[in-house]
Amino acid sequence: MADTKSSVFNVKDLNLWYGDNQALYDINMDIKENDVTAIIGPSGCGKSTYVKTLNRMVETVPVVKTSGEIEYRGKNIFDKNYLVEDLRTKVGMVFQKPNPFPKSIYENIVYGPKIHGIKDKKTLDQIVEKSLKGAALWDEVKDRLHENAYGLSGGQQQRVCIARCLAIEPDVILMDEPTSALDPISTLKVEELIQELKKDYSIVIVTHNMQQAARISDKTAFFLSGELVEYTDTNTLFSNPTDKRTEDYITGRFG
Amino acid sequence: MALINKDTVSNKMSGRILKNKIAKVIFFIATIIGLLFLGALAYRILTQGLGSLDMDFLTGFTSQSPDRAGIKAGVIGSLWLMSVTAPVTLIIGVATAIYLEEYAKRGKFTRFIQINLQNLAGVPSIVFGLLGLTIFVYIFNTGEIVLAGGLTLGLLVLPVIVVAAQESIRSVPNELREASYGMGATKWQTVRRIVLPAAIPGILTGGILALSRAIGETAPLLLVGAATAIFTLPSGIFDPYTAMPIQIYSWTKAPQPEFEYVASAGIIVLLVILLLLNSIAVFIRNKFSKRL
């Protein structure tokens with residue numbers, strides 16, 4: 001059944017260097033529409049770097065060089081004519097540490113639509129409601145939309161960031177360890193949210209928590225030292241890994 | 001078995017605590033020395049100057065006779081100077097800082113600019129006076145007008161403003177920029193909507209300090225030809241002018257000893273205006289920080 005889904009990302013022979021240090025080696029990977037794709041692996045294996053390459057956020061580090069191709073919906077995002085602003089409008093991102101802007105909840109959500117030129121107050125109001133509902137936060141904050149987002153708890157802040165990402169109606173949502181700074185209850189809420197979101201979005205989530213990957217994802221990729229060791233259905237990967245290194249990692253023998 | 005000898009620890013205890021007390025006393029004395037000199041200065045100026053400070057002093061022009069000399073021309077001249085210096089340096093300074101921090105690629109060239117900026121901030125003000133004299137008064141042939149003086153002061157404080165603005169732009173957390181870029185914002189949108197609002201309190205603080213320095217400068221203005229005795233007020237930036245520090249300086253040079261009191265009164269006015277400008281800027285700054 002998975003094979004009938006179309007690809008959002010088609011990664012071909014991706015290599016990446018930070019200066020002289022190679023961080024990713026010959027990655028080939030197909031990311032399918034409406035899947036939750038989990039990226040797991042020990043610290044420093046390149047999983048964060050990889051997911052940040054998918055929307056070219058990795059380029060904010062000045063010494064990064066890449067080779068190979070990443071096709072997003074059939075077009076190579078490293079192409080000279082590819083507008084990185086356009087890519088990031090379609091491929092949204094939620095970061096490891098909740099990073100709301102030091103503005104009101106409302107202003108946080110409308111930031112994206114506003115920079116894309118939407119000015120109509122009514123439309124913006126609707127976007128705020130829809131996005132906050134989409135991030136399962138509406139009921140908690142609907143009476144204090146104009147309060148500073150810094151006043152919210154860590155878990156709520158992270159859901160503001162998810163809502164802020166939903167507000168630009170992306171196609172794909174990248175999540176870089178979105179729950180690592182959250183307590184277990186907030187983590188559970190975000191995980192439930194991801195299950196809801198996959199109906200409408202394709203999600204790529206980096207996690208160092210294998211149980212989380214097993215709980216929420218359809219496919220899992222195991223990275224080790226910058227290499228993609230194994231990439232298959234989550235159930236298969238956790239119950240019947242083909243690579244010895246994957247088996248060692250998921251059984252807790254290292255990492 | 002124990003690697004730490006408990007007896008040594010308790011023997012050293014009183015010594016450590018004594019050293020801590022000594023350190024506190026040293027730092028306290030250092031603070032008091034500064035305060036004492038400041039107090040002495042304030043006392044001398046107030047006792048000398050308050051006698052000459054009255055409404056006539058504030059509303060009169062300078063004069064040959066000490067009891068009729070006033071600082072009106074100096075106050076108005078200094079305000080005119082600031083009306084040139086403040087907008088020019090803030091706009092150019094902040095724009096430079098934005099370019100260096102957000103747009104320019106880190107490399108030898110930007111490092112070269114950076115080092116030179118820091119050196120420029122330390123160049124004596126009289127050198128800037130010479131520069132202003134050459135560029136504005138001679139090459140552009142402006143004559144000895146407010147514009148030339150204001151731009152010269154602008155050159156003087158520009159490096160300070162750039163460095164201060166850079167530091168406050170740099171202190172804006174990178175996560176905020178990432179969040180903005182992650183939604184497809186352009187660099188300019190990120191700078192305008194995220195970086196600048198967060199950096200503005202720091203930029204204003206730097207701006208206040210720089211302009212405070214400019215308003216008290218004497219040497220460069222002497223070179224670009226601020227008048228020492230003037231009996232008309234400038235009505236625009238193309239008119240001749242004098243400034244408070246110039247006026248004070250010329251009084252201290254006057255032959256009659258009574259002018260010393262007049263100069264002290266002038267210093268009080270200068271200090272009050274400085275404090276006033278600072279508190280306005282602090283007020284603006286607090287307003288901005290609250291909005292965040």
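Using N, Cα and C of the backbone, Cβ positions are placed for all residues, glycine too.
These features come from TrEMBL:
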TRANSMEM  B:22-46  transmembrane segment
DOMAIN    B:75-280  domain 'ABC transmembrane type-1'
TRANSMEM  B:79-100  transmembrane segment
TRANSMEM  B:120-139  transmembrane segment
TRANSMEM  B:145-165  transmembrane segment
TRANSMEM  B:261-284  transmembrane segment
- Note on the structure: Same-chain residues at least 6 beyond the ends of the transmembrane segment (B:120-139) with a Cβ under 8 Å from one of its Cβ atoms are 147-149, 151-152, 155-156, 158-160, 163, 217, 219-225
- Message: Within the same chain, where does the transmembrane segment (B:261-284) have neighbours whose Cβ lies under 8 angstroms from its own Cβ atoms, ignoring anything closer than 6 residues to its ends? I mean 6 or more beyond.
- Response: 44-46, 48-53, 57-58, 66, 69, 71, 74-75, 78, 82, 204-205, 207-208, 211-212, 215-216, 244-245, 247-248, 251-252
- Message: Within the same chain, where does the transmembrane segment (B:22-46) have neighbours whose Cβ lies under 8 angstroms from its own Cβ atoms, ignoring anything closer than 6 residues to its ends? I mean 6 or more beyond.
- Response: 264, 267-268, 271
- Item | Close approaches to the transmembrane segment (B:79-100) from elsewhere in its chain (Cβ under 8 angstroms; 6 or more beyond its ends) | 110, 113-114, 146-147, 149-151, 153-154, 157-158, 161-163, 165-166, 169, 191, 195-196, 203, 207, 210-211, 214-215, 221, 234, 237, 241, 243, 277
